[in-house]
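Below you'll find the structure, written out as C-alpha cells, and then a few comments.
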Amino acid sequence: MIAAVLIPFTAAVLVGLVVLWPGGAPPHSHTGLGLDRHTESGRVVKQEEVACAGGAGGAGSAGGPGDGQAPPQPGAASGGPAPAEGPCLSAVIEVASGPDKGRTFTEIVHPGASRQYTVGQRVVLAYAPKAPENLRYSVMDVDRDLPVGLLAGLFALAVVAIGRLRGVFALVALVISFGVLTLFILPAVLQGSDPLLVAVVGGSAIMLIALYLCHGLNARTSVAVLGTLTSLLVIGVLGSWFIDWARLTGNTDDQTALVHGLFPGIETQGLLLAGIIIGSLGVLDDVTVTQTSAVWELKEADPSASWRKLYGAAMRIGRDHIASVVNTLVMAYAGASLPLLLLFSIADSGVGTVATSEVVAEEIVRTLVGSIGLVLSVPVTTLLAALVVSADRHTEGEGAETGGGGGARSGGGRRRRAKH
C-alpha cells in the first residue's frame with residue numbers, strides 16, 4: 001500500500017523538478033538598494049577624532065582620506081546623526097578587492113551610532129561604478145565570515161560527535177536541502193513559476209532526500225514520509241483558503257516589495273503560501289519521524305499489541321510532543337517578529353486592531369496554519385504507523401508459521417516433549 005502511494009509521488013516530484021528546473025536566476029540590472037548591489041571587501045586602516053559640527057567628514061579622494069568637509073556618503077556606517085555627546089570618528093577605509101584595490105576613503109562615525117569600527121576590522125563595501133569617483137564606495141556592513149564560519153564548524157562538529165554516522169548523513173541532507181532551495185526553489189520563483197507549485201515540488205524533494213538519507217529506505221521512514229505529505233497537504237489547503245479569505249497580499253515588508261518591484265511577475269500571495277509550507281516542513285519531519293519511531297519501539301517491546309493498543313500508547317507520547325513543539329513553533333515566529341511586536345505594543349490602537357492589521361495577521365495565519373498541520377500530523381502518522389507495523393509483524397508471523405517444514409517439525413517436537 002505504501003509503495004502504491006510513494007512510487008507515483010516520487011515520480012511526480014522528479015517530473016516536477018525536470019519541468020520546472022529554472023537553469024539559474026534571471027538576469028537583471030542592479031538597483032543599488034538593500035543587498036542588490038555590487039560589493040567589495042575593505043579594511044579599516046586608521047581612525048581619528050573629528051568635530052561632528054557641520055557633518056564633518058565624508059568621501060575621500062582616491063588614495064587618501066577626505067578633507068573633513070564633505071557630507072557623509074550614502075550608506076555610511078553612522079546611520080544618521082545620533083543624539084549623543086562626544087567627538088565623531090573619521091575612519092579611513094582601504095579597498096581590499098576589485099578594480100580600485102588599495103584606494104582609501106573615509107566614513108564619519110557618530111558617537112551614538114550602533115556600529116563602531118576598530119583599526120584592522122574587515123568590512124563589506126557597496127560599490128557603485130557609475131557614481132562620481134569620490135562617491136563610489138561606502139561601508140555596507142561588517143565582514144562576519146570568520147565568526148559565522150566558526151559557528152557553522154562547531155555545529156557540524158557537535159552533530160557528528162553526537163550523531164556519528166547518522167549525524168554525517170544529516171549534514172549531507174542539510175547541504176542537499178540548501179542546494180535544492182538555492183538552485184531550484186529560489187531561481188524558479190524568480191523565473192515566474194507558480195510559487196506554490198515550486199514550493200510543493202521543492203519541499204517534497206527535500207523531504208524525500210532528508211528522510212530517506214537520514215533514516216534509511218524502509219517502512220518506518222515511508223510512514224513518516226506519508227504522514228508529512230498528508231500534513232503538508234492540509235497546510236497547503238488551509239493556507240490557501242485563509243490567505244484568500246483574510247485578503248492577505250503577502251507584500252508587507254521592504255524585502256518583498258523590492259523583489260516584487262524587480263520581478264513584477266512574482267505572485268506575492270503564492271510566495272507567502274510557499275513560505276508557510278517550506279517553513280513547516282522541518283518541524284513536521286521531526287514530529288512524524290518521532291511518532292513513527294515510538295510506534296515501532298512499542299511494537300518491539302510488546303509484539304502481541306494490537307494496532308489499537310499501539311495507537312493509544314503512541315498518542316500519549318504524541319500529546320506531550322504536541323504541547324512542546326507547538327509552543328516552539330509559535331515562539332520561533334514571535335522571536336523572528338520581535339521588533340514588529342515591540343512597535344505594536346506601544347501603538348495607540350486596541351489589541352484587536354493590531355492583531356487584524358495585515359502585518360500581524362500574516363504572521364498569525366502563518367503560525368496557526370503551520371500549527372494545525374503540525375497537530376494533525378501526530379494522529380495521522382501514529383495511525384499509519386500502527387496499521388503498517390501491525391500488518392508487517394502479522395505477515396512475518398504467518399510466514400514463520402507456514403515456513404520451512406524443518407522449523408514446524410522442530411516446534412512440534414518441543415510441544416511433544418513438554419507434554420511428557
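We number each residue from 1, going along the chain as drawn.
Cβ from N, Cα, C; glycine included.
Pulled from TrEMBL, these are the features on record:
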| type | residues | note |
| --- | --- | --- |
| REGION | 55-84 | region 'Disordered' |
| COMPBIAS | 55-67 | compositional bias 'Gly residues' |
| COMPBIAS | 75-84 | compositional bias 'Low complexity' |
| TRANSMEM | 146-162 | transmembrane segment |
| TRANSMEM | 169-190 | transmembrane segment |
| TRANSMEM | 196-214 | transmembrane segment |
| TRANSMEM | 223-243 | transmembrane segment |
| TRANSMEM | 263-284 | transmembrane segment |
| TRANSMEM | 325-347 | transmembrane segment |
| TRANSMEM | 367-389 | transmembrane segment |
| REGION | 395-420 | region 'Disordered' |
| COMPBIAS | 400-411 | compositional bias 'Gly residues' |
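Note on the transmembrane segment (223-243): residues 2, 5-6, 9, 196, 200, 203-204, 207-208, 211-212, 215, 250, 269, 272-273, 276-277, 280-281, 284-285, 288-289, 291-292, 365, 369-370, 372-374, 376-377, 380-381, 384-385, 388 of its chain, located 6 or more positions outside it, place their CB under 8 angstroms from a CB of the stretch. Taking every recorded stretch in 169-190, 196-214, 325-347, 367-389 and counting its Cβ pairs under 8 Å to the transmembrane segment (263-284), the highest total belongs to 196-214. At the 8 Å Cβ cutoff, the transmembrane segment (196-214) and the transmembrane segment (169-190) share at least 3 close pairs (sequence separation 6 or more) and count as touching. Tertiary proximity for the transmembrane segment (325-347) is limited to same-chain residues at least six positions away from its ends with a CB under 8 Å from its CB atoms, namely 283, 286-287, 354, 357, 359-360, 363, 366-367, 370-371, 374-375.
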